[in-house]
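As recorded in TrEMBL:
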- 6-208: domain 'Phosphoribosyltransferase' (DOMAIN)
- Arg79, Arg104, Asp131, Pro132, Met133, Leu134, Ala135, Thr136, Gly137, Gly138, Ser139, Asp200: 5-phospho-alpha-D-ribose 1-diphosphate binding site (BINDING)
- Ile194, Gly199, Asp200, Ala201: uracil binding site (BINDING)
Amino acid sequence: MAKVYVFDHPLIQHKLTFIRDKNTGTKEFRELVDEVATLMAFEITRDMPLEEIEVETPVGKANAKILSGKKIGVVPILRAGIGMVDGILKLIPAAKVGHIGLYRDPETLKPVEYYVKLPSDVEERDFILVDPMLATGGSAVEAVNSLKKRGAKSIKFMCLIAAPEGVETLKKAHPDVDIYIAALDEKLNEKGYIVPGLGDAGDRLFGTK
Ligand code: PRP
Ligand code: URA
């Protein structure tokens, strides 16, 4: 069964408060999402495997450690996931980046896929799928379907804010995908927005609407 991790690190929680605040403008919102993505990437990479190597320091030989696991792929769900990519790449600069374009039909709330481009070696990578919001869960489920259909074997899903409905839907559809969130909110409203949430992540990130 999928595990759900809520990152309660004080820096993540502090920055998330200002991300939520409706008075935070686009520039600051974008900067804060980028910073929180970096902090979350630090936490999500905790279980990366290491191997020992010998390195020569100016003073002598040291038994030291380097990362030894599979290569990483970062995949934002467009649009809003884009805001989290650079923050992750600051810590994992060698990661390759794929893109999955989905929008949520405002009437049905069902995801509509319009673009997919992934690294060619999909099967050999550990993927971090990112989107600030996990609301009904439809977009995340569809994005994981899309990754798996193309051969992805190892996927983690990382978002800023989740609704309980979205967590349950994603867990049920993809029990092998662990979920990493900064906050688990109360519920969805009648329009499928997370309450209290942060509003429309794409619009706040890109200044649209
Ligand atoms: C938002 C958000 C997620 C999706 C979450 O994107 O970034 O992708 O909604 O909702 P769900 O869990 O109910 O599927 P949106 O569809 O507004 O597209 P955008 O990022 O292009 O604005
Ligand atoms: N998408 C958003 O951007 N915000 C929500 O609260 C739900 C879906």
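All residue numbers here begin at 1 and follow the chain in the order shown.
Just so it is clear, glycine is given a Cβ too, placed from its N, Cα and C backbone atoms.
Everything TrEMBL records as a feature, shown here on the structure.
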| residue | record | CB count, 10 Å |
| --- | --- | --- |
| Arg79 | 5-phospho-alpha-D-ribose 1-diphosphate binding site | 17 |
| Asp131 | 5-phospho-alpha-D-ribose 1-diphosphate binding site | 28 |
| Met133 | 5-phospho-alpha-D-ribose 1-diphosphate binding site | 26 |
| Ala135 | 5-phospho-alpha-D-ribose 1-diphosphate binding site | 26 |
| Gly137 | 5-phospho-alpha-D-ribose 1-diphosphate binding site | 25 |
| Ser139 | 5-phospho-alpha-D-ribose 1-diphosphate binding site | 27 |
| Ile194 | uracil binding site | 27 |
| Gly199 | uracil binding site | 16 |
| Asp200 | uracil binding site | 15 |
| Ala201 | uracil binding site | 25 |
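Residues Ala135, taken from the binding-site residues Arg79, Ala135, Ser139, are distinguished by a CB atom under 6 angstroms from ligand 2. Distance from the CA of Ala201 (uracil binding site) to the CA of Met133 (5-phospho-alpha-D-ribose 1-diphosphate binding site) is 7 Å. Annotation note: Met133 (5-phospho-alpha-D-ribose 1-diphosphate binding site) sits in a strand segment as assigned by DSSP. With Asp131 (5-phospho-alpha-D-ribose 1-diphosphate binding site) as the anchor, the candidate binding-site residues are Ile194, Asp200, Ala201, and the one with the nearest CA is Ala201. In this structure, Gly199 (uracil binding site) belongs to neither helix nor strand by DSSP; it is coil. The DSSP secondary structure for Ile194 (uracil binding site) is strand. Ligand 1 lies under 6 Å from the Cβ of the following binding-site residues, listed in sequence order from Met133, Gly137, Ser139, Ile194, Ala201: Met133, Gly137, Ser139, Ala201. Taking every pair among Arg79, Arg104, Asp131, Pro132, Met133, Leu134, Ala135, Thr136, Gly137, Gly138, Ser139, Asp200, the residues recorded as binding 5-phospho-alpha-D-ribose 1-diphosphate, the greatest CA to CA distance is 17 Å. In this structure the C-alpha atoms belonging to Gly199 (uracil binding site) and Gly137 (5-phospho-alpha-D-ribose 1-diphosphate binding site) are separated by 16 Å.
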